[in-house]
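Working notes, structure below.
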Amino acid sequence: MSSSRAANPATDPAASRPSVTFPHRHLLGIEGLSAPDIALLLDHSDHYVDLNRAVEKKQSSLRGRTIINLFFENSTRTRTSFELAGKRLGADVINMSVATSSVKKGETLIDTAITLNAMHPDLLVVRHQDSGAVALLAQKVGCGVINGGDGSHEHPTQALLDALTIRRRKGSLEGLLVAICGDILHSRVARSNIHLLNTMGARVRLIAPPTLLPAYAENLGVEVFHDMRKGLTDVDIVMMLRLQMERFHGAFVPSTREYFHFYGLDYAKLSFAKPDALIMHPGPMNRGVEIDTEVADDIHRSVIHEQVEMGVAVRMACLELLARHLPNWRGTTPPGL
Ligand code: NCD
């Protein structure tokens, strides 16, 4: 469906390319996305990286649209970057903080969703502490839904921004050896990354103590290591994860000091990886627990700040591609939408 307001290719990178179809109304996880779906999201994100580095960042492709950020869990990067992404695309963005909402008065997730739905948002970005909660909510609302992290299940935009960071540095994901290290058990970032990297032809190693690995780790199409030196040997990418203590029920590690000794990334352990291996971390970092502070700040190896930059571009791409499914999308809509 085309509309009277034509997009301007000079200011809107999406308008200068042929219309493309992302064949999903929601982005609930990486599982279920095909390699072309992921490549489309990453190609689209590349354009927004350039736009975000320009002085004039504002676009109008989501003008008139409303995005609600509904975060039931704390967040710095994800919520802020979704807000920035929506605003840069011209949308009105509302941040719902659960701490001050009726959820605190006992309203259920579904009632909250239905209430917000009655205000006609176009897209909802939801983070929730329970795995599967975002998918459930998506069934109850009429708008597009993006998963901003559900329990220890999935965090699709984090995996996409990690992939974009790697692809821009290394040229391609295919054939790379990627080590994901630390608290895999509680990590939605790890799960989304495993799906994405496997789909895009990278090889994944998980490095963790047995207590911080899911029982089914071997079935995820990965190699499992319990020793950092062995696991890091010859890897191209080292992805560190935070000990997610807020999800711990019981003691999973003897002490953070001992954990750092065996699993914290320092230069001695890093020396087993390829000399040009990149260091990544989704944040927030616990310095001295999973990563040595000097390694985290190593300007030659660490791409942790670049990941944050890529996060805004990826979220713009996700919002814009999902918005193409909305009624009266003003861009050139491909046949079949
Ligand atoms: C991650 C998350 O929330 O899952 N953080 C993020 O979104 N950048 C990882 C974490 O909390 O450790």
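Note: Cβ is positioned from N, Cα and C throughout, glycine not excepted.
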Given TrEMBL lists R77, T78, H155, Q158, G283, P284 for carbamoyl phosphate, the same-site residue among R53, R127, R247, R257: R127
Entries of R77, T78, R127, P284 which, being binding-site residues, have CA atoms within 10 angstroms of R188 (L-aspartate binding site): none
Helix, strand and coil residues within the domain 'Aspartate/ornithine carbamoyltransferase carbamoyl-P binding' (25-167) as assigned by DSSP: 65 helix, 27 strand, 51 coil
Binding-site residues whose CB lies under 6 angstroms from ligand 1, from R77, K105, R127: R77
Beyond the site residues R77, T78, R127, H155, Q158, G283, P284: chain residues whose C-beta lies within 8 Å of the centroid, for carbamoyl phosphate: S75, T76, G148, G149, V189, P282, G311
Among K105, R127, H155, R242, the one of these binding-site residues whose Cβ has the fewest neighbouring Cβ atoms within 10 Å: K105
Helix, strand and coil residues within the domain 'Aspartate/ornithine carbamoyltransferase Asp/Orn-binding' (175-321) as assigned by DSSP: 61 helix, 24 strand, 62 coil
Pairwise Cα distance for R127 (carbamoyl phosphate binding site)/R242 (L-aspartate binding site) [Å, integer]: 18
